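Annotated features in Swiss-Prot:
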- C151: active site (ACT_SITE)
- E114, E144, H147: Fe cation 1 binding site (BINDING)
- E209, E243, H246: Fe cation 2 binding site (BINDING)
Amino acid sequence: MALSTATKAATDALAANRAPTSVNAQEVHRWLQSFNWDFKNNRTKYATKYKMANETKEQFKLIAKEYARMEAVKDERQFGSLQDALTRLNAGVRVHPKWNETMKVVSNFLEVGEYNAIAATGMLWDSAQAAEQKNGYLAQVLDEIRHTHQCAYVNYYFAKNGQDPAGHNDARRTRTIGPLWKGMKRVFSDGFISGDAVECSLNLQLVGEACFTNPLIVAVTEWAAANGDEITPTVFLSIETDELRHMANGYQTVVSIANDPASAKYLNTDLNNAFWTQQKYFTPVLGMLFEYGSKFKVEPWVKTWNRWVYEDWGGIWIGRLGKYGVESPRSLKDAKQDAYWAHHDLYLLAYALWPTGFFRLALPDQEEMEWFEANYPGWYDHYGKIYEEWRARGCEDPSSGFIPLMWFIENNHPIYIDRVSQVPFCPSLAKGASTLRVHEYNGQMHTFSDQWGERMWLAEPERYECQNIFEQYEGRELSEVIAELHGLRSDGKTLIAQPHVRGDKLWTLDDIKRLNCVFKNPVKAFN
């Protein structure tokens, strides 16, 4: 039987390039490259407007054996600590209740990002032409599989060994109720796997990992430790050990297209869009989770953001890519303004919509209010007084018949959803830089909170057609939606979400039903 072309090529290459007698990993890596050949045509299923060079190198030069050995050691350390020492020390119940709720969101939402990163890096493997570059992407595919399991394990560990397991144990089902879910899908799903393959690399590797890994995965371990959580640092620092290779993959993606004429034409616009897509969600959500989802504070979110995003990434990291024509995103200045107030604006809305969550929220106490005012002068007059009014009206007590969403309606502060980012905003109450912009397309009204998202939508309106929470549930009563989407604890009547983290005065489905709260689409006022 005649040999296939591929088999013959491999046989001839092996005959010409004998296997190394050494077990040195770098020598083996060099030997493996001799099996490469030039493609007449790139047969990828995933189109890109850029041409990725065929000679691009991989910085870390991993081979499968070395990769497996390295990751096995890390997993032994991680799971050994979790299943032995931390369990014996009853670490799960020593976590502050507010932080326990924060991890319901962080670990579950990050799991979605890691899961989609599997597909994203697999797509890049298929699109790349250089064998070394493919090898780097393939190692990242394996990393992302590992990280998906790790994030899921954090929820599992808290559900089994921690306090208040509701939300940890079924977050994949209950997370879809509230407005934070679709915004998360926009950055962690659509941004990573939809559209041009190189654009996906910019979203995932150059922005998501190189820019936001430090303020997310590294910073979260500091906040976790400060609030009694030893589980999260054990897992997330293990995840972080892989991230440098992922950043290098993003760097090499840019290197591979540097000489392509399309790079000069499209790259900086695509990078700006990727950065704004990621920061529009991460900047307010991470700041909200860290500062409002903790009892013991580390440092103001704005300082963390400035250090890692503005200075380290926007200045140093992007500066290193300057020789390839890469420029800092034009939207970086506006993002810096968002870092100061946007997370405070978002928490007002998150607390107002607390029944739609899969986690418990809590109003800032007096000590926390003083911390906010000291680090964000003017915070109390704008936000603190509102929280005090809500507390005085009994927002934590189900017998009060009051949820803060009613306050927004009473005071004519409509809540909108940004069509591109899917992040809620209230322009009449925002202290950050949110301005209401409205467009009509195909008979549907679309709202936007900033010029950058508006520009992306105007360029590709068909790309942003996802229904928001008010469109999806318009005309439906709130308790009906909560029950349908499994927002109840195991007793079948008590809500998973609560407006406090205590064990008493828990809201039930009947309490919500008595409010007769019906979803309305605020854009109907423009018709």
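Cβ coordinates are placed from backbone N, Cα and C, and glycine is handled just like the others.
Here the features listed in Swiss-Prot are painted onto the structure.
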residue : record                   : Cβ neighbours (10 Å)
E114    : Fe cation 1 binding site : 21
E144    : Fe cation 1 binding site : 24
H147    : Fe cation 1 binding site : 27
C151    : active site              : 23
E209    : Fe cation 2 binding site : 25
E243    : Fe cation 2 binding site : 19
H246    : Fe cation 2 binding site : 25
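Calculated from their C-alpha atoms, the gap between E114 (Fe cation 1 binding site) and E243 (Fe cation 2 binding site) amounts to 12 Å. Taking only the Cα positions, the spacing between H246 (Fe cation 2 binding site) and C151 (active site) is 17 angstrom.
Spacing of the residue listed as 'active site' relative to E144 (Fe cation 1 binding site) is 10 Å (Cα to Cα, whole number). Distance noted between the C-alpha atoms of E209 (Fe cation 2 binding site) and H147 (Fe cation 1 binding site) is 13 Å. Put simply, E243 (Fe cation 2 binding site) is 10 Å from H147 (Fe cation 1 binding site) when counted between their Cα atoms.
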